[in-house]
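Annotation source TrEMBL lists domain 'Acyl-CoA oxidase/dehydrogenase middle' at 213-322. Per TrEMBL, the feature FAD binding site maps to Thr217, Gly256. As annotated by TrEMBL, domain 'Acyl-CoA oxidase C-alpha1' applies to 360-511. Among the features that TrEMBL reports, transmembrane segment is placed at 365-387, 643-662. Annotated active site, proton acceptor per TrEMBL: Glu496, in sequence order.
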Amino acid sequence: MASSDRVTFRTQILNRHLRPSHSHTFSPPVSVSSSPCLSYIPPDLTEPASSFDTKEMRALLDAHNIQDRDWLFNLMIQSNLFNPKLRGHRVFVCPDYNQSMEQQREINMRRIEYLLDRGVFKGWLTDSSEESELRKVAFNERGVVHLDGACVGFSLNLLVSPCDGLKIRSSYPHSSKRQVLLDFRGGAIQFFGTKRHHDKWLKVTEDLGIKGCFSMTELGHGSNVRGIETVTTYDPHTGEFVINTPCESAQKYWIGGAAKHATHTIVFSQLKIEGKDQGVHAFIVPIRDSDGNVYPNIRIADCGHKIGLNGVDNGRIWFDNVHIPRENLLNSVADVSPDGQYLSAIKDPDQRFAAFLAPLTSGRVMIAVTAIYISKIGLAIAIRYALSRRAFSLTPNEPEVLLLDYPSHQRRLFPLLAKTYAMTFAGNHLKSVYVKRTPETNKIIHVLSSGLKATLTWHNMRTLQECREACGGQGLKTENRVGNLKAEFDVQSTFEGDNNVLMQQVSKALLGEYLAARKQSRAFKGLWLEHMNEPSPVILPQLTSSSLRSSQFQTDIFFLRERDLLNRFVAEVAAHQKQGRSKEHAFVLGHLLAEDLGRAFADKAILLTFIEAEANVSTGPLKNAAAAREEVMKLCSELRPHALALVSSFGIPGAFLSPIAFDWIEANSWPSSQQVP
């Protein structure tokens with residue numbers, strides 16, 4: 001093929017790529033001055049002025065404690081402990097990827113002490129007011145921006161909630177670490193203990209006078225807490241409990257903080273009184289003295305190197321006839337008298353177990369909201385890079401085209417951006433019902449947090465992978481963060497409940513509500529199932545642009561999807577039961593519909609909370625974030641002028657993004673290269 005023919009052929013291909021046969025139009029690239037070499041042009045100078053106030057948008061997204069969030073950002077930026085680096089004339093607070101696992105663990109402790117000294121954790125465990133809880137949630141979200149397996153965020157899950165093993169502990173390193181040392185254990189004492197435990201343990205834990213961890217997960221049991229094998233008996237002659245690891249599969253596993261720093265742990269164990277199994281209970285157990293020496297009859301081993309979060313010292317623990325005082329039983333649900341009598345106001349073992357595990361919901365709440373914040377970091381980096389990186393030109397001697405001006409690039413990032421906006425409001429709703437929780441709302445919090453934890457963490461992984469690919473080769477560099485974020489947060493789909501298991505819990509709750517409503521001949525109430533009381537929505541065979549953009553239409557199709565899946569799921573479970581199978585067995589056999597139903601519930605919740613947030617805004621900024629609910633390709637082109645403003649509204653300081661989000665040419669210049677170890 002002749003040279004001129006190759007040029008023509010290439011131009012035709014690019015022309016078809018840039019001008020697909022969709023109704024939207026392609027905006028021609030902005031002209032740039034001719035230069036023998038590429039130069040970085042800040043998108044802040046070339047992009048059109050925002051049609052909305054990014055500060056107002058950020059206020060809508062963050063919803064609360066904005067000043068506290070910025071204060072935390074500044075504390076981290078100001079300290080050399082968080083590894084500030086000069087790249088491309090900008091300072092980035094980024095992890096040191098050359099540190100060993102031991103170095104990451106030690107720097108974690110120093111960061112925790114730095115933040116502790118500056119009052120970040122004041123009232124963390126001793127102030128249970130709604131205001132204090134919202135502050136902790138805000139710090140939890142913002143803390144995850146710094147991440148290296150040695151420092152990530154304050155995963156409130158850990159801080160105020162009991163979270164387990166690999167679960168939270170390894171979730172967000174310095175935060176994760178702090179959580180394992182203080183929050184996991186302190187949170188467990190808050191929820192599972194009573195006044196005698198609060199008075200003795202909370203303040204000293206908050207001040208890091210003792211360092212705690214949370215021992216629920218075992219080698220042989222993770223999601224199935226009821227099946228754990230650690231055994232505790234009571235000796236009425238000494239007034240002590242005796243804890244044992246009866247077999248290798250009963251060793252406590254993935255216990256964050258246990259391998260190196262923790263002095264105490266909350267042990268979840270089967271309790272046997274006079275030979276009778278009373279189910280799972282929690283106990284405060286010292287495991288090291290103040291000098292770090294492991295106590296007799298306790299064995300601790302390191303879990304070793306992980307794919308991420310190596311700043312958290314996950315460990316394994318064995319107990320060999322370990323004696324603890326009777327008062328170390330966390331007795332909010334049940335107690336044992338000095339003479340060995342088992343006491344509980346909840347006589348039914350199933351109800352007692354459910355009440356015992358109810359506090360674990362808080363971990364899922366915090367994981368969900370931190371997952372969506374990590375998605376924002378990835379999107380902010382990828383979109384800012386695409387607003388300055390160019391590739392190919394339409395014809396010879398014309399400037400190359402910005403990546404974000406390619407419809408294909410918009411299509412891969414903008415729907416994820418829109419979903420991230422929508423999921424942010426779902427997360428805000430979840431936080432709101434959680435901090436205002438009452439016994440009556442425990443069920444909806446459990447179901448909603450289960451569905452959103454799974455959906456938002458799955459979304460985070462998909463988003464980070466797409467952002468990594470959208471950054472091309474630059475996405476492979478750890479300093480550009482996206483790939484490393486993916487490795488660090490992959491575990492979110494596992495801890496605090498495997499995502500697929502959580503989706504089955506959601507569908508099981510929906511099944512229970514369906515059967516109860518039918519058995520009692522009453523209307524559906526709660527879990528946003530009230531739409532089941534109305535006639536099934538009718539979808540017109542011919543859909544127009546106007547109908548696709550209608551909130552009523554969108555709500556109808558989401559309701560119709562859930563209704564159809566729920567009816568089919570009920571029918572399938574009933575059919576298996578008619579064949580003689582137990583209800584649990586029938587439920588397991590219907591796992592495909594169960595997971596689809598769980599996803600449908602979560603998607604419905606996200607849509608409804610987003611529509612509610614949109615309806616409460618008097619001006620138009622949220623309308624620009626609704627691409628996921630509208631005609632995707634057309635909306636991508638409509639969203640394009642707002643891309644920079646939308647990611648700027650996340651409120652993430654540039655220091656917590658990466659070099660490719662700014663002057664990536666200067667960051668990779670020879671002088672800059674000499675600054676990188």
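Keep in mind that glycine also has a Cβ here, set from the backbone N, Cα and C atoms.
Predicted automatically and left uncurated, TrEMBL annotations should be read as such.
Each residue of the domain 'Acyl-CoA oxidase/dehydrogenase middle' (213-322) gets a DSSP state, and the totals for helix, strand and coil are 6 helix, 52 strand, 52 coil. In the predicted model, residues of the domain 'Acyl-CoA oxidase/dehydrogenase middle' (213-322) average a pLDDT of 95.
Other Cβ atoms within 10 Å of the Cβ of Glu496 (active site, proton acceptor), summed over all protein chains shown, number 32. Counting other Cβ atoms within 10 Å of each Cβ, the binding-site residues Thr217, Gly256 show the lowest value at Thr217. Counting in whole angstrom, Gly256 (FAD binding site) lies 13 from the residue listed as 'active site, proton acceptor' by their C-alpha atoms. Distance from the CA of Thr217 (FAD binding site) to the CA of the residue listed as 'active site, proton acceptor' is 10 Å.
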